[in-house]
């Protein structure tokens with residue numbers, strides 16, 4: 001049986017977070033009717049929520065931010081639902097299954113960005129912005145150039161993420177459900193468009209909340225059954241896992257999947273700052289009523305995600321013990337059926353039988369839908385709010401802006417389906433690494449410095465932001481993943497897998513240098529306006545009305 005090549009998570013954690021990208025050849029599985037029935041129940045229920053939400057979406061604020069009426073707890077669950085992808089579940093547990101302790105290190109890597117969001121970004125972002133993070137970046141800077149840069153940064157991240165999600169969705173569904181790849185991609189695209197088109201942020205939020213609850217329940221049940229098997233003793237769990245794993249005691253120590261310190265540092269910075277620059281995550285902070293609820297959102301989201309990653313660690317060791325040692329889950333060559341990414345799915349069957357296997361498969365599909373819905377809404381708002389209403393057609397009515405947003409949703413949906421089909425047999429795992437690098441090198445520096453550095457000017461933000469974005473793209477192309485593995489050259493021009501360390505440095509240095517040397521009258525005026533922005537960012541004065549651009 002052909003192996004499913006794991007997502008980049010099998011060796012590199014960027015994809016474990018977000019790609020859901022199972023790249024390579026997939027042998028279609030028999031149709032899993034339990035999974036299909038459970039998934040249909042989920043779809044019918046969420047379409048009902050979309051219909052309910054569509055009756056409550058009456059304005060631009062309702063469509064983009066659910067009217068700002070989501071509570072901190074609900075938003076925390078939704079953020080967790082937006083951030084915990086199917087490959088977080090499958091990829092991290094697969095990494096633990098193959099490498100043990102390394103999987104825990106990487107799962108913690110996905111959490112380190114959240115304290116930055118909590119302490120540095122959440123409160124000021126909510127007090128200064130209205131619908132998108134470009135509202136914050138352009139608060140005292142020149143609207144046109146900054147919004148174009150922010151929208152481009154957002155759209156590139158969204159596009160790369162969407163392609164990775166769509167290809168991963170098709171491969172995953174082909175594997176779990178036995179459905180044809182093209183049918184799976186079209187199904188995800190159509191459902192994604194329906195959620196966002198009719199229900200906006202309100203429907204997207206509730207799809208993400210439901211998915212988060214289902215995923216946390218499923219993972220909790222699996223972890224509980226694993227611990228029950230070993231008498232609720234971690235000592236027994238680790239001892240039994242070491243006894244059956246080919247690496248033996250080596251799974252309890254770091255194995256050095258990232259070989260050199262530069263790559264490790266670059267990877268860590270990309271994960272940490274990339275999270276704080278993802279447009280679909282930042283957009284969620286505008287769905288709550290005030291800065292206090294925004295802080296609570298991050299607090300709850302971090303708690304849910306931390307709990308989830310602890311569960312994946314237990315699930316990974318449970319898979320070593322109950323799946324790795326069971327010949328029923330191996331093919332003729334002795335490899336795991338479906339590849340290592342399927343370790344958690346096989347464990348679901350081992351601890352809960354066919355019915356629970358169907359449930360976990362349906363949850364994996366629901367997870368992809370929740371993530372792509374959030375991405376699509378972020379992309380649509382960048383086009384309609386940042387570009388159309390504030391650059392190309394200033395003074396556009398709410399109705400016109402919403403019309404453009406919905407057209408963008410349709411266009412993004414169709415493009416995502418087409419690219420999902422075209423990239424079926426391509427290695428798309430690098431796209432998520434590139435998305436994170438761009439978010440960390442373009443979006444994050446501009447957001448952070450616009451809120452904290454009084455001497456920032458439009459010239460500095462523009463030149464530094466574009467330099468960061470282009471450096472990330474160029475270094476990724478010249479690196480080992482694209483230059484050698486995809487383009488087929490013998491040796492990479494840029495030797496490191498991850499460009500974040502270098503591209504983030506270029507962005508911050510560029511922003512600092514071009515702002516510090518900007519002696520124009522406009523630059524001086526922008527510096528003087530920082531005090532008013534600072535007061536607004538601290539007090540939230542005027543936040544209910546938002547800033548009229």
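Keep in mind that glycine also has a Cβ here, set from the backbone N, Cα and C atoms.
Relative to the membrane, residue 102 and residue 171 are recorded by Swiss-Prot on the same side. In Swiss-Prot, the feature transmembrane segment is placed on 261-283, out of the ranges 238-260, 261-283. Feature annotation (Swiss-Prot): of 7-29, 76-98, the stretch labelled transmembrane segment is 76-98. Using the rule of three or more Cβ pairs under 8 Å, pairs at least 6 apart in sequence, the transmembrane segment (494-516) is in contact with the transmembrane segment (428-450). Confidence in the topological domain 'Periplasmic' (485-493), given as mean pLDDT, stands at 85. Just going by CB pairs under 8 A, the stretch in 33-55, 183-205, 212-234, 428-450 that sits most against the transmembrane segment (359-381) is 183-205.
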